[in-house]
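One structure is given here, and the rest of the page talks about it.
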Amino acid sequence: MSTEDEKLLKEAKKLPWEDRLGHKNWKVRNEANVDLASVFDSITDPKDPRLRDFGHLFRKTVADSNAPVQEKALDALIAFLRAADSDAGRYAKEVCDAIALKCLTGRKNTVDKAQAAFLLWVELEAVDVFLDTMEKAIKNKVAKAVVPAVDVMFQALSEFGSKVIPPKRILKMLPELFDHQDQNVRASAKGVTLELCRWIGKDPVKSILFEKMRDTMKKELEAELANVTAGAKPTRKIRSEQDKEPEAEASSDVVGDGPSEEAVADAPQEIDEYDLMDPVDILTPLEKSGFWDGVKATKWSERKEAVAELTKLASTKKIAPGDFSEICRTLKKLITDVNLAVAVEAIQAIGNLACGLRTHFSASSRFMLPVLLEKLKEKKQSVTDPLTQTLQTMYKAGCLNLVDVIEDVKTAVKNKVPLVRSSTLTWLTFCLETSNKALILKAHKEYVPLCMECLNDGTPDVRDAAFSALAAIAKSVGMRPLERSLEKLDDVRKKKLSEMIAGSGGGDQAGTSSVTVQSSVGSTATGNSDASFVRKSAASMLSGKRPAPSAQASKKVGTGKPGGGKKDGSVRNEGSKSVEPPEDVEPAEMGLEEIENRLGSLVKPETVSQLKSSVWKERLEATLALKEEIEGLQELDKSVEILVRLLCAVPGWNEKNVQVQQQVIEIITYISSTAAKFPKKCVVLCITGTSERVADIKTRASAMKCLTAFCEAVGPGFVFERLFKIMKEHKNPKVLSEGLLWMVSAVDDFGVSLLKLKDLIDFCKDVGLQSSTAATRNATIKLLGALHKFVGPDIKGFLNDVKPALLSALDTEYEKNPFEGTAAPKRVVKTSVSTSTSSGGLDSLPREDISTKITPNLLKGFESPDWKMRLESIEAVNKILEEANKRIQPTGTGELFGGLRGRLLDSNKNLVMQTLTTIGGVAAAMGPAVEKASKGILSDVLKCLGDNKKHMRECTLAALDLWLGAVHLDKMIPYIIIALTDGKMGAEGRKDLFDWLTKQLTGLSDFVDAIHLLKPASTAMTDKSADVRKAAEGCISEILRVSGQEMIEKNLKDIQGPALALVLEKVRPGFVQEPFESSKAMAGPVSKGVTKISKSTSNGTLKQGNRSRAVPTKGSSQITSVHDIAIQSQALLNTKDSNKEDRERVVVRRIKFEELRPEQIQDLENDMMKFFREDLQKRLLSPDFKKQVDGLEILQKALPSVSKEIIEVLDVLLRWFVLQFCKSNTTCLLKVLEFLPELFNTLRDEEYCMTEAEAAIFLPCLAEKLGHNIEKVREKMRELMKQIIQAYSVGKTYPYILEGLRSKNNRTRIECTDLIGYLLETCGTEIGGLLKYLNIVASLTAERDGELRKAALNTMATGYQILGADIWKYVGKLTDAQKSMIDDRFKWKAKDMEKRREGKPGEARAALRRSVRDSGPEVAEQSGDISQTVPGPLFPRQSYGISEQMLERTPVPRTIAGVNGPTDWNEALDIIMFGSPEQSVEGMKVVCHELAQASNDPEESAIDELVKDADGLVSCLANKVAKTFDVSLMGASSRSCKYVLNTLMQTFQNKKLAHAVKEGTLESLITELLLWLLDERVPRMEDGSQLLKALNVLMLKILDNADRTSSFVVLISLLRPLDPSRWPSPATAEVYAVRNQKFSDLVVKCLIKLTKLLQSTIYEVDLDRLLQSIHVYLQDLGMEEIRRRAGADDKPLRMVKTVLHELVKLRGAAIKGHLSLVPIDMRPQPIILAYIDLNLETLAAARMLTATGPVGQTHWTDSTANNPSPPANSADVQLKQELGAIFKKIGDKQTSTIGLYDLYHITKSYPKVDIFSQLQNASEAFRTYIRDGLAQVEKNAAAGRTPSSLPLSTPPPSSLALPSPDIPSLSSLDVKPLMNPRSDLYTDDIRASNMNPGVMTGTLDAIRERMKNMQLASSEPVSKPLMPTNDNLSMNQQSVPPSQMGQETVHTHPVVLPMDEKALSGLQARMERLKGGSLEHM
């Protein structure tokens, strides 16, 4: 390494960690990560505060672009995760996402370490985050990244097991991996599938996954499954379980034949397939199946079929919950149906429902149980078998429990039918056998007497069933519950019952034992075989891919590091931690001879022989000798077991001599207390004999001492557990009573942390308190009293069901042993058991799972509109807590917390208080788990402190107390910090919260996390409320006390203001900070206590400063201190950490000025301290005005060199100027006014314009202070305001000046009035909105102050000079005196103008208007009025978006772009695309000007040049629409919105430009415009109604001028539901549905407009493309959806049908020639073909077109395939038919133009066809008309004109009656209109079809009707707005009759062409002839 690198690394070590880790040099970053890893390796305490400081850094470090650095970062992360605990989970999401994104595609080492890190996150219980990340990772497009992700999931599942990694999440991810294109990914997916089979079994995996696989993959997996053995065991545990391991080992030793608890714990977790399935909704298909009609049918077969359908649907494995109450009522009736087949089907349906719904079917099961039990009377096996099966299913599925069915069983066993009684008892036996012990213990008191009574039944079957039930109870809970009842039985029955119990118990026990042994051996073998391999890859599960041997596992990345002081002494191997085999506690048999052989020379042979002696004295001597020998042994540990075995054999525990017994016990006590390790085997060998010796008063003391020694050796948990069984079964009651008394002393010595409290309490309750011996009961009471001392009152909840007398005795004992909490034990355990404390103690008290009690009805009650129902739900939760003894598990409480969270926002305050109490109760009952289970509800609880009611706040604090009792304060700190900084919380709430915190901190001696409270507490020191400040001060004192000085000094940078002085005084006594003077001076009377501190310290500071100051130079006003000189080298302004946008976001944009509040002053100080150099900020914040002037001079001198920095902190500087304006010191104010013009000149030179936020900070104050009482100050302020007007914008400045007119200061009003006159004089009246405020100025003429009246009259005179007499429109209502006064002033002004030869008032403005009207904008521009008086930023606001006409005639002049704006088209486009909103406006001005110029070019060459940029321009502007509207919604001006819309309008006014816009761009633009039309926030914006109008007009212009094909295609595509992300603002699903409905309605309106004009524009449309888009839309919907929507009257579908209908109507059969883009050969046929056929048929029937073939039998495929006739004949026929249809069109005046165009296209397509040969029977006039028409069409086609503008004459009337003989007459067809005759769309045609055949359309009535329609059409406006443009955005849709068969109503008249004079005059002439009686022949 070079010297430079070494130097760099050395220097870098001094930097903070964040700077090192983010350093630009990779070597620095690399070394930083290595150092960080070593720091974590040195941490042994998971609560070390350093871990919290570093956690957030890894998000960036693991994403490092340098591979070696990234690898080291992963090493550091692994070290961090090993050192941390589950608290590190807060960083899991962001770090895991970064690893998945950046590390999984790297080098092998990097991938391995990334996987190791993921597994450590799992170990820290961040499983959900891990799986969320994996869900994203497997969607990566790069297969190389997917394989490691799948592999790490595989490793996690393989190592931690399915208990930690939920299989359901993985099962959901696998299906998409099965079809992955990469084979490695597929192989990994298979491997994970096989691993799942090891954990949850093959059947669940098969049933869930196999149906989603391809057949080949199924076969492969089937073959692999043969090699997979179920019963996997985890090889690694999560961190919290690792802590419990020693205790788990200690408690794993049991006596007897049953399986050990450890074996149970490590056994493979039984996964219920039900939990892995997704629920299926069966209610919806059931409704559609006709079930309800079927079950009411009279025929039994129909009823059976209906129920069978339900049975079939309910056979799914998991049914979605719903309302099954009506179904169950129906089934209950059907159970008793007269037809047994129906009844059996109903019973089977109930069974299926119970199996699929489980606990959700509980209420329904209880409802139907009595009927089902009654049905047991049926003797037919076809009924009894399904009935028995259903009853058993209901119980197994958890729908019923023993407690619920007591009453129903009692009723059934008293039934008069013996079969019902016996079957009920048989079912009860089944229930008892499948229930757990706890449930039977609850219910046995009810069932035992019931069964005993049934033993006397007269029917043998009933008696046998009762015996079976009693045997089941005894088998489960033992004989104790039956003892008293057995006394009443005779010997025969007693003997029979005993035999049954013995028979069932013995057999079962043996079976269980053997099974357990086999499974244990099998699983051990499996575990051993698997343990020898480390499977890092999921693909290694597949055959032929054997994993690497475990020897390599030790080398893998992330192996555990030794940590002596951490947790249990070591950290397991991270990769594949091996589980140590449990200690063998059961001693093997060993004879005396073998013992002697093993003893060897350890004990003298004579001693052993004496121990065997029958003489007690010899035995005594031998024991004494043995004791001496043992005491002399050097290595006792190796011989412990053999010595204990010797003593147990000789003299043995049957020794009768007391002295010998005592010696034996003392020797064993000595061995157990002296040996380093005393095996549990030895305890098992001795404990029975020792417990018996406790019962003897002579040996009691030594035996108890021995038991205590055992506890010290192996832990009290193991000793207690062994004693329970011995004491319970021993015949000597003294063993029990004295053993209990020893337990009392043991609890006192060792505490309860190492005991299993649940087992101990159960033993006391079931054995001790139930004993008939008083001594035993008393000893038990003492033991429970001792437990109370450690556990507290919670123990009472577990003893509620004991007898009242015992309860009172217990209460007395509790009083003697009051709760003291956890204390240090008097004795300690030698083994590692002592380190595990988390598994015992209070937390061992049993917690109840309440998830089943949180029913949907309970949760629904929380949301009930009835407050009583909501209260009932809250009280129900309290009741559940009581029933659970206030000890609950977190399982399934997520929805409960959600319901309670909603009630915290209840309008009923009493309910909120009840909820707070309940939440506190839930927290106390749940314990530490509440922190994770509550889903952040604590933040909502804290919000309740913002209530103004004291009682509410007290309830909140009580809830916080209970919460604190459950979790530690450090878990609550993040929520408390948010609450303290919440602006909505009132002063009382903050004060109460600070007091509460102070109280909690007072009880702590050391609490590092309190440092996080320092910042919010210091902020509160500047609060307006004195109570809050006082409470915050008290809290800060406690924070400082518990945090420690080192931690405080690290965090001093976060503290400013008064709190800083307080902190420094406590941390560094005597320290004083100078800037605090300014705080005192500016904050004023904020805090009296703080002010005193500043006074007492400021004197000392000044004296000390005087000594160190240099002698001031004569004549110099600047005094430079030594400290200032020392920091001169630093930058004057530090803008490194400045974020101007964030500061401006919180600026309140007010026009009216308000004095600064103390907290605003404090914020200003804080910002100045951050950004200004120390000497500068000290001067500017000093209370001494001279220092402030000095500071300004420093800034003034540096101004040219720090202009960029000044701009960055301009808002801070302006706030300081505002502060100075509010002070009374004139010297400082004059200096400020001297500095400000220079500042604004600098800003102008930098081409910087103030932002709106900066203007809102400064201008209100400047406008208000214009009326200063010193003339000199007023003058400077006046000039400053004029300078700002020029630099900023008149349009944005004059609102502040207008606000000044409302000031209470008359001088301010005078100045503002003069400024308005100045604005009128210099800027004219073109300032948008200024004229409408002249009435305010005019009203000032009535004021008393003469100066104010004079100023108002002068301003009015200026306005009169410009406007002339028009000014009277703007003056508002005035008194006669005011009018007279103003009029006199106007006359004087007119005379004055005459003298000066300035013309007459208003003359110049009128001339300008005329010139603009006559010559366009150029003349106005040349006149100089606009260009001179309106600089760039002064563009009038109201010139946008008012109406289409206004937009068209307001082109933007070129010079309006301003001096610094863009100068050409390309530059303007760049600025629009990349500039800020303000800069974009300048670009748009140029674009508008260029467009206006190009539009006026007669040769259109300029437009042709711009066409190439049209699409790019519109695309850019479409993006700008959203941005500008978003900015305006945040409070900014709507100026940029208007410019965007105006530019778009100018673009789309030109057809060439509009046609150049591409389809994609058009879609984006239309979508954006329609969305903003619908946005309810737009009307609330500035000029919102104008913007709505502009949006409407622009939308209509787009529809008019854009490419028709693109418009149609885009709008049809927009009929689909819109993606929620496209909407401008987020909302709920319901709101999105409503929005989509409104959006589609608008799209439909647009399509209606286009469809109206289709007749005249059809040749502009690419019909092939349009039909393709309709085809795609219909195919996407599908026939099922179309049918559903047709029934629901869906508007989008109706609209598409309408467009298709219009196309078919206009083109007839020729429409089939436009299907080139539709795949007509596909199967099934495209839906569009059926609709075209239907329209052709219907329109032909309605005489709206000529049928061209057999309707409904059109062949869409190749005609040769289906038609044997030659193709030529077919083509001729088709051509003839088409010509016939065209001649019909030409014969009708309304469609003649279209017909001629069709005929023209035919002649071009078939030039050899003689069309006039078809017109032999037509009149010569008609043929001539056709010839002339074709010639005209050809001429128009050459000129590029469309049919809509074709000026053709009316066809000869006589021709209409002379169709070609080859063409069928129109009148010969039956009329069957498709739509309702009232439909506007088809009014004329249908009316014509209903007329008298003799008259037809030529009658007088028909012509009148047609004229009326034409006149209506001509009178309609050209464009109707799409949306109402006022604030009410509701759309007035016209209702459409349902008889219109799904077609959209289009209000158009297809037979009426655009109005022309010739057509109208021709009709009028015909009407005159009809009136004269000469009807034309039709």
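From the backbone N, Cα and C atoms, a Cβ is placed for every residue, glycine too.
When Cβ-Cβ distances below 8 Å are used as the criterion, the repeat 'HEAT 1' (48-86) is approached by residues 17-18, 21-22, 26, 29-30, 33-34, 36-41, 94-95, 98-99, 101-103, 106-107, 109-110, 113-114, 116-117, 120-121, 123-126, 239-240, 557-558, 560-561, 563, 566, 571, 574, 1008-1009, 1047 of the same chain, each at least six residues removed from its ends. Look at Swiss-Prot and you will find 48-86 tagged as repeat 'HEAT 1'.
Computed over the repeat 'HEAT 2' (165-202), the whole-number mean pLDDT of the model equals 85. Residues or ranges marked as repeat 'HEAT 2' in Swiss-Prot: 165-202.
If you look up Swiss-Prot, you'll see 230-264 (among others) marked as region 'Disordered'.
According to Swiss-Prot, the feature compositional bias 'Basic and acidic residues' maps to 238-247 (among others).
If you look up Swiss-Prot, you'll see 322-359 marked as repeat 'HEAT 3'.
Annotated repeat 'HEAT 5' per Swiss-Prot: 442-479, in sequence order. Each residue of the repeat 'HEAT 5' (442-479) gets a DSSP state, and the totals for helix, strand and coil are 31 helix, 0 strand, 7 coil.
Annotation source Swiss-Prot lists region 'Disordered' at 501-587 (among others).
Residues or ranges marked as compositional bias 'Low complexity' in Swiss-Prot: 510-527.
Feature annotation from Swiss-Prot assigns compositional bias 'Basic and acidic residues' to 565-577 (among others).
Sequence annotations record features per position, and here Swiss-Prot assigns repeat 'HEAT 6' to 849-886. Long-range contacts of the repeat 'HEAT 6' (849-886) within the same chain: residues 321, 359-360, 398, 794, 797-798, 800, 892-893, 895-896, 898-900, 902-903, 906, 908, 911, 914-915, 917-918, 921-922, 924-925, each at least 6 residues beyond the stretch ends and with a Cβ under 8 Å from a Cβ of the stretch.
Long-range contacts of the repeat 'HEAT 7' (890-928) within the same chain, counting only residues at least 6 positions beyond its ends with a Cβ under 8 Å from a Cβ of the stretch, are 843, 847, 849-852, 854, 858-859, 862-863, 867, 870-871, 873-875, 877-878, 881, 884, 934-935, 937, 940-941, 943-944, 947, 949, 951-952, 955-956, 958-963, 965-967. According to Swiss-Prot, the repeat 'HEAT 7' annotation covers 890-928.
Marked as repeat 'HEAT 8' by Swiss-Prot: 932-969. Residues 890, 893-894, 897-898, 900-901, 904-905, 909, 912-913, 916-917, 919-921, 923-924, 926, 975-976, 978-979, 982, 984-986, 988-990, 992-993, 996, 1000, 1004, 1007, 1009 of the same chain, all 6+ positions outside the repeat 'HEAT 8' (932-969), place their C-beta atoms under 8 angstroms from a C-beta of that stretch.
Taken from Swiss-Prot, the feature repeat 'HEAT 9' applies to 1008-1045.
Here Swiss-Prot flags 1087-1115 (among others) as region 'Disordered'.
Residues annotated as compositional bias 'Polar residues' in Swiss-Prot: 1093-1107.
Look at Swiss-Prot and you will find 1230-1253 tagged as repeat 'HEAT 10'. With helix defined as DSSP H, G or I and strand as E or B, the repeat 'HEAT 10' (1230-1253) counts 18 helix, 0 strand, 6 coil.
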Report, as numbers and ranges, which residues of the same chain sit near the repeat 'HEAT 10' (1230-1253): CB under 8 Å and 6 or more residues beyond its ends. 1143-1145, 1147, 1149, 1188-1189, 1192-1193, 1195-1196, 1199-1200, 1203-1204, 1206-1207, 1210-1211, 1213, 1217, 1220-1221, 1272-1273, 1276-1277, 1279-1280, 1283-1284, 1287-1289, 1292, 1433, 1460, 1478, 1531-1533
Could you put numbers on the helix, strand and coil content of the repeat 'HEAT 2' (165-202), residue by residue per DSSP? 31 helix, 0 strand, 7 coil
Counting each residue once, how many in the repeat 'HEAT 1' (48-86) are helix, strand and coil under DSSP? 31 helix, 0 strand, 8 coil
